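These notes concern the structure reproduced below.
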Amino acid sequence: MNPHALSILLSSLAVGTITTLSSSHWFLAWAGLEINTLAIIPLMTKMHHPRATESATKYFLTQATASALILFSTITNAWATGEWTIITMNDNTSTFMLTIALAIKLGIAPFHLWLPDVMQGLSLTTCLILATWQKLAPMSLMIMTGHQLNTNLLITMAVLSTVVGGWGGLNQTQMRKMMAYSSIAHLGWMTLILSFSPNLTTLNLMIYLMLTSSMFLMMTTLSSTNINKLSTSWLKTPLLASSMMITLMALGGLPPTSGFLPKWLILQEMTKQHLGAVSTLMAMSALLSLFFYLRLSYAISLTTTPNTSNSNMTWRMTNNQMQILPTMITLTTMMLPITPTLLAMLN
């Protein structure tokens, strides 16, 4: 892609998200979401492949539906209350439609079906943007309006998302689809705690962004798009392969990695709210996700590919573009000891 066009599109992505994050008026927030959607579509179609075009079309139709629903819910709320500000969604019908619209935007179950198919047709870099940056604007709106949304609806969607995210990833061999189902499961955890502790939702979002970014950057470095390609990574770069295994354990939520931190705090808060059955169901559904993370870890570290390599130096890496990767891997694994500091910052 032309560097000038790329810089304009990336700037538009940044402007759209920042506009939504900084707005207090619904129309401005909606405009930021639209800028975001329109800016990423050319990035999706830059591969010139039928799957990329299909992904961009699916993404556009879903996001356009969600945007229309957001606009309709805000107009309904303005009709009923006379208010356009984000924090005054007092009409029950409007808040219900808004919850559905934001769930479609984010890919929360049962409105998740577009996300795995869209991510499968994109390059790894565009998948990284879709799984991380594109979640910021809708999630910020959900956090701002969280105290007015229907708690029972959020809990139902959260439990469904973690179950679907774990169950859907079990039978996959494509890395991008696995990361899509991982994203759905993580969004379920964020949605669950939204009504009770928005600060924990923010903390979970930050850690999710770090873990997912680390994973996609390592996949890009190793050019791994499926399990078979991933199994050759140990011969090429043992250090990076072991780092990817630790990142997968963090995504699964195993201690002492950073991924254990949000799950632990969320289950603790849910127990305080006397929602023991929901907490048990969430913990058990997290085991489904952990199974396919363990499956990937096994493929990376405990299997050797039957293909012989003609190179004498397969462990040497020529790609020096991932300078941020060591920092991301360190944050992925080392944040648990600073839990009190993070909680103090959020509170």
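Cβ coordinates are placed from backbone N, Cα and C, and glycine is handled just like the others.
Some features that TrEMBL has for this protein:
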{"type": "DOMAIN", "residues": "23-288", "note": "domain 'NADH:quinone oxidoreductase/Mrp antiporter transmembrane'"}
{"type": "TRANSMEM", "residues": "56-75", "note": "transmembrane segment"}
{"type": "TRANSMEM", "residues": "95-115", "note": "transmembrane segment"}
{"type": "TRANSMEM", "residues": "149-167", "note": "transmembrane segment"}
{"type": "TRANSMEM", "residues": "179-197", "note": "transmembrane segment"}
{"type": "TRANSMEM", "residues": "203-222", "note": "transmembrane segment"}
{"type": "TRANSMEM", "residues": "234-254", "note": "transmembrane segment"}
{"type": "TRANSMEM", "residues": "274-294", "note": "transmembrane segment"}
{"type": "DOMAIN", "residues": "290-342", "note": "domain 'NADH dehydrogenase subunit 2 C-terminal'"}
{"type": "TRANSMEM", "residues": "324-346", "note": "transmembrane segment"}
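Using the rule of three or more Cβ pairs under 8 Å, pairs at least 6 apart in sequence, the transmembrane segment (203-222) is in contact with the transmembrane segment (324-346). Within its own chain, the transmembrane segment (234-254) is flanked in space by residues 182, 186, 211-212, 214-215, 218, 221-222, 260, 262-263, 286, 289-290, 293-294, 296-297, 300-301, 304-305, 309, 314-315, 317, 329, 332-333, which lie at least six positions past its ends and keep a Cβ under 8 Å from the stretch. With respect to Cβ pairs under 8 Å, the transmembrane segment (149-167) is most closely packed against 179-197, considering the stretches 95-115, 179-197, 324-346.
Here the domain 'NADH dehydrogenase subunit 2 C-terminal' (290-342) returns a mean pLDDT of 72 for the predicted model.
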